[in-house]
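**Student:** Can you read through this structure? Questions will come right after.
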Amino acid sequence: MEGKVFLGHNLIWVMLLMGQLHGYKSCIDEEKIALFELRKHMISRTESESVLPTWTNDTTSDCCRWKGVACNRVSGRVTEISFGGLSLKDNSLLNLSLLHPFEDVRSLNLSSSRCSGLFDDVEGYKSLRKLRKLEILDLASNKFNNSIFHFLSAATSLTTLFLRSNNMDGSFPAKELRDLTNLELLDLSRNRFNGSIPIQELSSLRKLKALDLSGNEFSGSMELQGKFCTDLLFSIQSGICELNNMQELDLSQNKLVGHLPSCLTSLTGLRVLDLSSNKLTGTVPSSLGSLQSLEYLSLFDNDFEGSFSFGSLANLSNLMVLKLCSKSSSLQVLSESSWKPKFQLSVIALRSCNMEKVPHFLLHQKDLRHVDLSDNNISGKLPSWLLANNTKLKVLLLQNNLFTSFQIPKSAHNLLFLDVSANDFNHLFPENIGWIFPHLRYLNTSKNNFQENLPSSLGNMNGIQYMDLSRNSFHGNLPRSFVNGCYSMAILKLSHNKLSGEIFPESTNFTNILGLFMDNNLFTGKIGQGLRSLINLELLDMSNNNLTGVIPSWIGELPSLTALLISDNFLKGDIPMSLFNKSSLQLLDLSANSLSGVIPPQHDSRNGVVLLLQDNKLSGTIPDTLLANVEILDLRNNRFSGKIPEFINIQNISILLLRGNNFTGQIPHQLCGLSNIQLLDLSNNRLNGTIPSCLSNTSFGFGKECTSYDYDFGISFPSDVFNGFSLHQDFSSNKNGGIYFKSLLTLDPLSMDYKAATQTKIEFATKHRYDAYMGGNLKLLFGMDLSENELSGEIPVEFGGLLELRALNLSHNNLSGVIPKSISSMEKMESFDLSFNRLQGRIPSQLTELTSLSVFKVSHNNLSGVIPQGRQFNTFDAESYFGNRLLCGQPTNRSCNNNSYEEADNGVEADESIIDMVSFYLSFAAAYVTILIGILASLSFDSPWSRFWFYKVDAFIKKVRNLLL
């Protein structure tokens, strides 16, 4: 009997299965044809097969089984279409009429499809009303502008609308959305909307549960303005606080100001509140503790002040994510020692909160995944109990505190991300760190006082990708287990330590490394052969060590090398030709060595290059093709000779430094074509002739954005080792379904880009000293130095057009004539040196208009007249005017009452001054000859005085003869 029952049950299941199979219908032909038509208009023919390989046009092909298509199993009609992320035609306009055959479509995904607009020649703006069942529309990451809202207003059935990362700007067009009364989720993040947020208009969307306006430029106050304040769009009480169904609200990364409105507490169903990266002020209201449904609270990166107590969050039993950070230094986070919270956090970030100890309530947290307590004043031992209590902890950020003891757990942990940089650790680095944290992907212990050798246990971190041990006092050789065991390493920073030995004399397992920083150590010997195996290496910095020998030719054969820095060593010999024929190389710094030989005649790079070869023993001439691809060329203090070449293709060069060589001849007129020049230094050579007036045509920043120059080189790589886990996925047991944004509930710090960079440092003389400039300071420096040459003639009047120039040095030449009044137009000038020349006439009083001038030198010229006073000229001392006997007034001690100091105004032409000087020289010569003739005539007479004179001469001659014999 039991067997029959069992058989009956099986027959029933078989019959049900057959019924289901019989009820399944393939897609209908009309929609199949429409899908092919849609593909033809959106995907190029050459890409369609590779993008959608399952889309075949044979009779047996069921379009319901195609990639990106889903159908109703009973009717066979298409319900979902997804072209998201496919390679669509660039700037394509979508013809909405192509969608009309899909009457039952509920979800349409065209995200990341490069669409730029919609159109329908028949239905116009009302086209989307044809799709009566459309509920989900994803148009994120395209190129749509505000005109799309005219079409969207007809899609009244929509419940979910994604428009993030498009080209929308200006005022937010809320009126076009007010008819979408079924909307539950609206994502307009990462656009360029500005002005006030029109919450009053959005209040008609009564069903709205999730609103994301993050990453825009919205401004205005979030303070309660009052229900009857009709002239303010951002009326919180009559707007956002009436959205009673709101569960997620993200207004982060905008420019909102003011205090948090107290009426937010009326949104009792709120589960996600993100107001981070705004300019909110005031105290953090304790009333947030009444939002008992809250799971995600981020007030990160604002300007909150006053004190904040965790006790105010006592009733938030569902809280899992808490982020608080203030750019203001007056926020004080209090920690109650006896308080035990009801919640179990997964993420806590309390950055820049002026905390002096780890919050006590964290002792009761057992499910933490991410802890950020950086930028505080916490001292004492590293809280290893956080790791012991939270076995799922993946990220621990404790940088920029005052920890003194690096205490780690006694047993192994699964931590992935550890940053303890910039603390006060004053003892040895943990020997067993590699055994305790074998799964680390990111480790930063830089800017501490760690000493002794690097522990060999580091080699156990075979998954480590980023390691920064720089700016400590580590010494000794690199452990062999370390260079062989960390085979996943991508970026390694060992800079500014006391490490010694040879650099990779043998092969290593760092085959995946992209950036290797070993500068400012005590490494010795030759450049090791082990570097040859680093085939993915992009950036190599070995500067400021004690390396000897020659630069091996194979180093230029590393296939991915982009930046090579070996400055400040003891290298000698020629520069390998391979470095000048490497197309990928963008930064080559071989300065401050003993390299000799010549620069190869060709540079094969296709990109802008920074070439730093100063302070060597290089000789010969400069190839005239060298500047074709170079942006920065520094050849200072070498032994180059000959003429400065008539460079070709010089439009890319922005910094040209040739100081301290043996260049002769005139300044080539080709340099007048330096359309992007920022710094020009030709000083301390033997250049002669006049200064080309056409140098005034060079840019020196005029008409350029200050950000147009970027001399910092870096590398970055995306890491997917963390993947960022979604709270909705990891904690779904206490959710009722969910409409959560993954962008809100994904732990974004876990999926990060690793970055490493080196800043180009340039030395330039301003204000009578050499300073090194880099980063933002370098971008703002515009200067020309032609000093210490043999230049003659006058200062070009046209130089007054160099309006952006900050520093001009023409000292130690043979310049004559007057100081041009046009110099007064150079309003940004800070340093102006004309000393040790032959300039004449008065100092133009118009120069007092140079309000930025801090250094002015005209000493040792032939200037005359009254020294101008006022503004910056009141700050210059007498040293600025030494060697000009005809100058008077302050700050010299010479009175101007004597007529001998009077001189014709600078309105007198320069050639008139020259005539005066010629007359002076002729008069001086005539007087000298007259005196000499008078002496000789007196000696011709026979007198006691003449006999005495001849006696003395004979005695002197006899004495000299005796000394020689």
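Glycine is treated like the rest: Cβ placed from N, Cα and C.
Quick paste from Swiss-Prot:
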| type | residues | note |
| --- | --- | --- |
| SIGNAL | 1-23 | signal peptide |
| TOPO_DOM | 24-916 | topological domain 'Extracellular' |
| CARBOHYD | ASN57 | N-linked glycosylation site |
| REPEAT | 80-102 | repeat 'LRR 1' |
| CARBOHYD | ASN95 | N-linked glycosylation site |
| REPEAT | 103-127 | repeat 'LRR 2' |
| CARBOHYD | ASN145 | N-linked glycosylation site |
| REPEAT | 156-179 | repeat 'LRR 4' |
| REPEAT | 180-204 | repeat 'LRR 5' |
| CARBOHYD | ASN194 | N-linked glycosylation site |
| CARBOHYD | ASN315 | N-linked glycosylation site |
| REPEAT | 342-365 | repeat 'LRR 11' |
| REPEAT | 366-389 | repeat 'LRR 12' |
| CARBOHYD | ASN389 | N-linked glycosylation site |
| CARBOHYD | ASN444 | N-linked glycosylation site |
| REPEAT | 462-485 | repeat 'LRR 16' |
| REPEAT | 514-533 | repeat 'LRR 18' |
| REPEAT | 534-557 | repeat 'LRR 19' |
| REPEAT | 608-627 | repeat 'LRR 22' |
| CARBOHYD | ASN688 | N-linked glycosylation site |
| REPEAT | 778-801 | repeat 'LRR 26' |
| CARBOHYD | ASN809 | N-linked glycosylation site |
| REPEAT | 851-875 | repeat 'LRR 29' |
| CARBOHYD | ASN862 | N-linked glycosylation site |
| CARBOHYD | ASN893 | N-linked glycosylation site |
| CARBOHYD | ASN898 | N-linked glycosylation site |
| TRANSMEM | 917-937 | transmembrane segment |
| TOPO_DOM | 938-965 | topological domain 'Cytoplasmic' |
**Student:** For the repeat 'LRR 4' (156-179), give me same-chain residues lying six or more residues beyond its boundaries with a C-beta closer than 8 angstroms to one of its C-beta atoms, as numbers and ranges.
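**Tutor:** Contacts of the repeat 'LRR 4' (156-179) (Cβ under 8 Å, skipping residues fewer than 6 from its ends): 111, 129, 131-146, 148-150, 185-195, 197-198, 201-202, 204-205, 207, 212-213, 215, 218, 739, 743.
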**Student:** Which bits of the chain, at least 6 residues beyond where the repeat 'LRR 18' (514-533) starts or stops, bring a Cβ under 8 A of a Cβ in it?
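**Tutor:** Residues 470, 475, 483, 490-508, 539-552, 554-555, 558, 560, 565-566, 715, 717, 756, 758.
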**Student:** Highest CB neighbour count within 10 A among the glycosylation sites ASN95, ASN145, ASN893?
**Tutor:** ASN95
**Student:** Name the residues of the same chain, 6+ apart in sequence, whose Cβ is under 8 Å from the Cβ of ASN194 (N-linked glycosylation site)?
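**Tutor:** In sequence order, the residues whose Cβ lies under 8 Å from that of ASN194 (N-linked glycosylation site) (at least 6 apart) are ASP169, GLY170, SER171, ASN216, GLU217, PHE218, SER219.
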**Student:** What's the CA-CA gap between ASN389 (N-linked glycosylation site) and ASN444 (N-linked glycosylation site) in angstrom, rounded?
**Tutor:** 22
**Student:** Rounded to a whole angstrom, what is the C-alpha distance between ASN57 (N-linked glycosylation site) and ASN315 (N-linked glycosylation site)?
**Tutor:** 60
**Student:** Comparing the glycosylation sites ASN315, ASN862, which residue's C-beta has the most other C-beta atoms within 10 angstroms in this structure?
**Tutor:** ASN862
**Student:** Hey, of the glycosylation sites listed (ASN57, ASN389), which one tops the CB count within 10 A?
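**Tutor:** Counting Cβ neighbours within 10 Å, the top one is ASN389.
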**Student:** Rounded to a whole number, how many Å is the Cα of ASN145 (N-linked glycosylation site) away from the Cα of ASN315 (N-linked glycosylation site)?
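**Tutor:** Between the Cα atoms of ASN145 (N-linked glycosylation site) and ASN315 (N-linked glycosylation site), the distance comes to 44 Å.
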**Student:** Measure the Cβ-based neighbour count of ASN444 (N-linked glycosylation site), defined as the other Cβ atoms within 10 Å of its Cβ.
**Tutor:** 19
**Student:** What is the total of other Cβ atoms whose distance to the Cβ of ASN809 (N-linked glycosylation site) is within 10 Å?
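**Tutor:** Around the Cβ of ASN809 (N-linked glycosylation site), 26 other Cβ atoms lie within 10 Å.
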**Student:** Is the repeat 'LRR 26' (778-801) packed against any residues at least 6 beyond its ends, judged by a Cβ distance under 8 Å, and which are they?
**Tutor:** 659, 667, 678-696, 700-701, 706-707, 709-711, 760, 762, 764-766, 807-826, 828, 831, 833-834, 839, 910
**Student:** Measure from the Cα of ASN444 (N-linked glycosylation site) to the Cα of every one of the glycosylation sites ASN95, ASN688, ASN809, ASN862, ASN893, then give the nearest.
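**Tutor:** The answer is ASN809.
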**Student:** Give the nonlocal contacts of the repeat 'LRR 29' (851-875) in its own chain as ranges (CB under 8 Å, at least six residues past its ends).
**Tutor:** 766-768, 806, 811, 819, 827-845, 881-884, 886-892, 896, 901-903, 917
**Student:** Please name which of the glycosylation sites listed here, ASN95, ASN688, ASN809, ASN862, ASN893, is nearest in space to ASN315 (N-linked glycosylation site), Cα against Cα.
**Tutor:** ASN95
**Student:** Work through the glycosylation sites one by one (ASN809, ASN862, ASN893) and name whichever has its CA nearest to the CA of ASN688 (N-linked glycosylation site).
**Tutor:** ASN809
